[in-house]
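Engineer: This is the structure, below, for whatever I ask next.
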Protein chains: 2
Amino acid sequence: MIEEEVLKIIKPTEEDKKGIEKVLEIIRERLNKLDFEVEGSFRKGTWLRQDTDIDVFVFYPKDVGKEYLERNALNDIINRIKDLDYTLAYAEHPYVIVNINNVEVDIVPALRVESGDKAITAVDRTPFHTKYVTSHLDERGKDEVRLLKRFMKGIGVYGAELKVQGFSGYATELLIIYYGNFRKVLEEASKWKHPIKIELTKPMKIFSEPLIIPDPVDPKRNVTAAVSLKNIATFSIAAKYYLKNPSIEFFFPSKKVEEKVKGDVLILRLNLDEKSSEDIVWGQIKRSVNKIERALKQYGFRVIDVQAWGDTNNITIAVQLESKNIGQYYLNIGPQYYSETIEDFIQKNDNIWVGEDGRLYSIKERKEYDAETIAKKNIVLKVKYNIESYWLQNTEDQQIMKFLRKTPTWLK
Amino acid sequence: MIEEEVLKIIKPTEEDKKGIEKVLEIIRERLNKLDFEVEGSFRKGTWLRQDTDIDVFVFYPKDVGKEYLERNALNDIINRIKDLDYTLAYAEHPYVIVNINNVEVDIVPALRVESGDKAITAVDRTPFHTKYVTSHLDERGKDEVRLLKRFMKGIGVYGAELKVQGFSGYATELLIIYYGNFRKVLEEASKWKHPIKIELTKPMKIFSEPLIIPDPVDPKRNVTAAVSLKNIATFSIAAKYYLKNPSIEFFFPSKKVEEKVKGDVLILRLNLDEKSSEDIVWGQIKRSVNKIERALKQYGFRVIDVQAWGDTNNITIAVQLESKNIGQYYLNIGPQYYSETIEDFIQKNDNIWVGEDGRLYSIKERKEYDAETIAKKNIVLKVKYNIESYWLQNTEDQQIMKFLRKTPTWLK
């Protein structure tokens, strides 16, 4: 069976576990006498073999406050590991990434609170998530989570980061806890229609998002608040198609794709100078994609699709139009002949005529009719960047090919 | 004053009248012993100097019926004038056109009925119109009609024929009878907002047309039923602008116009083989213009304007598009992810993706994306014709220049 084959690939071996434990030993020594805990999927036993980032949380009394975490706590941690290969990273507040034997250990300062709903910073809730999951999942359940994670990765809906707007690890764990196993999650998801409510606990707030999973450790929070409707829909469709015709392609899409250019496709290659946090860059990229699409439509272009991909430094935005030639002039619809505004219309317009419907019409010149200029003007990046843009002729680039093909290989 | 100047040009002299009377003498001799009458604007004294077609009606007892008119009556008339320069013409039924000294005399067989509302054929009402107008217009009134006719000719809204869909001579006479004089008609028309009701008599039917003038001699008929909203609106706007700034340009538009090509303009030159009645040809041309516009829009083109001009044999249709390049492919919007139809959509489509709104989208190929082909396919002429078509580059043709300029010279 496919799921067993997949598990063979994604389930870590005892050896994998030992390798990570060895790395953790080093970290444990360094954090000696601090109040620290291993969190995340490694601790919960839901990690995938390929995933090699481990979360270690260092807790401080809640009274020290956020500022203390960001300065004193962080400095203390850095002092303890500064001889190792480390970098600083930023989420809601800064944390340290240490790289040992290609295992990435995130050391995150957090506040020790009494319960999940008392969290002061977003990370304070994490130990309660860990407790909830470990106490609700048995060994088989952990494998079911692994299957669900890999499935979601395969179809591109896994990851809470802004770039993906997908499902978090915790969300996959709650789905398995609620529905029981991977297959059952798919069966239910294949029937989803938003708003979808999955209540392991009664919500303590009215949520407006399409997928609502109130956090069992903090029911005024929706665990899947940031999952986009696009990802919910994609997951639902993939679930339906997998159940009808299971295939490894859902978990590990590998088919090379090929497709010709349909319509006019503008490729914008952005190169960002500074190193910024991924969520900040992708927040701006997502906003740019939306602005480009809206502006092009407003200027009269028929937009087929606008997508962005890449990492934090090299980003491609692809803009697909039915045609880049919309003409320099457009039909302007004016008032009815009996309107008080006709004199104003006649004065301000040229090429005016009366239509069969009794309205005045005129021809107006577009303020802008070059799609490339409009697209470039609507990129809203706050960091410096270089841009290269061209109208696509043909390509070997697999990412562009995927953009042109659109249809996921697991679908058709 | 402008109106006096115009009258000097358009009011026939005694000499003009004598010339026509001389022609009528010849006709009167030929129709000896028949029950005939001079009708039309010459009889009513509302004719313009340049207009040289005279209506002579020959009446038959109403019991003879339509068939008799079309055969026996017509043959009798032809026999009486066959040595003259004549042709046959067709309206609701056939009539004879005789040309004497460049004066065109229409000899129309009609049925003698007791009153206008008893008319069997459309022309039977005519003698009652003549009586009504002559008994309600004095000499000054006749000149006011002349001014109104010339004004309407100048702005292009005069003529009951299908090609124009404008005001008939009788309609202009009724407007002057109702409002008193040319200026007063303009003052009222400048304030029009349809439906407009001008009741010299109570209507005996509920009319749905934008301009309603119940016929005083047959109140279940709307005299202006065939006037298009476009012509009503044009007349109303012209009235407003003339009153603000009177100019000879309204009566005799003479300015040469020049304008560049905006958008993509397709010129279709039609050459009709057979000689058909103008109303029949223009009925088909109007239908073609509408069909071309509708089809182009349906195929995705943005149409600025489609117009036709010409006579009964040589007709030009001009099609102005924002751009002739709409691209070979278009965005196809599919169902929501939870719809039962998604499997069908996925099976039938290619290049499928899930949008941010949870809908499926796909790229489809247009069945037709050549505007020239679409335009040609939608010409619905029942007579044989040759066609020549080209995308306009530049032109010296004043008709095309007017089409490009659109704004009437009297407006701006």
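FYI, residue positions are counted from 1 along the chain as it appears here.
Each Cβ is built from the backbone N, Cα and C atoms, and glycine gets one as well.
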Engineer: From B:ASP16, B:ASP106, B:ASP117, grab the residue that Swiss-Prot records in the same Mg(2+) site as B:ASP53, B:ASP55.
Structural biologist: B:ASP106
Engineer: Which residue, out of the binding-site residues B:SER41, B:ASP53, B:ASP55, B:LYS149, shows the minimum number of other Cβ atoms inside 10 Å of its Cβ in this structure?
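Structural biologist: Candidates: the binding-site residues B:SER41, B:ASP53, B:ASP55, B:LYS149. Fewest Cβ atoms within 10 Å: B:ASP53.
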Engineer: Tell me which of the binding-site residues B:ASP53, B:ASP55, B:ASP106 ends up closest to B:TYR158 (ATP binding site) in space, Cα to Cα.
Structural biologist: B:ASP53
Engineer: Among all the protein chains here, how many other CB atoms are within 10 A of the CB of B:HIS129 (ATP binding site)?
Structural biologist: 23
Engineer: Does B:ASP106 (Mg(2+) binding site) have same-chain partners at least 6 apart in sequence with Cβ under 8 Å from its own Cβ, and which are they?
Structural biologist: B:GLY40, B:ASP53, B:ILE54, B:ASP55, B:VAL56, B:ALA89, B:TYR95, B:VAL96, B:ILE97
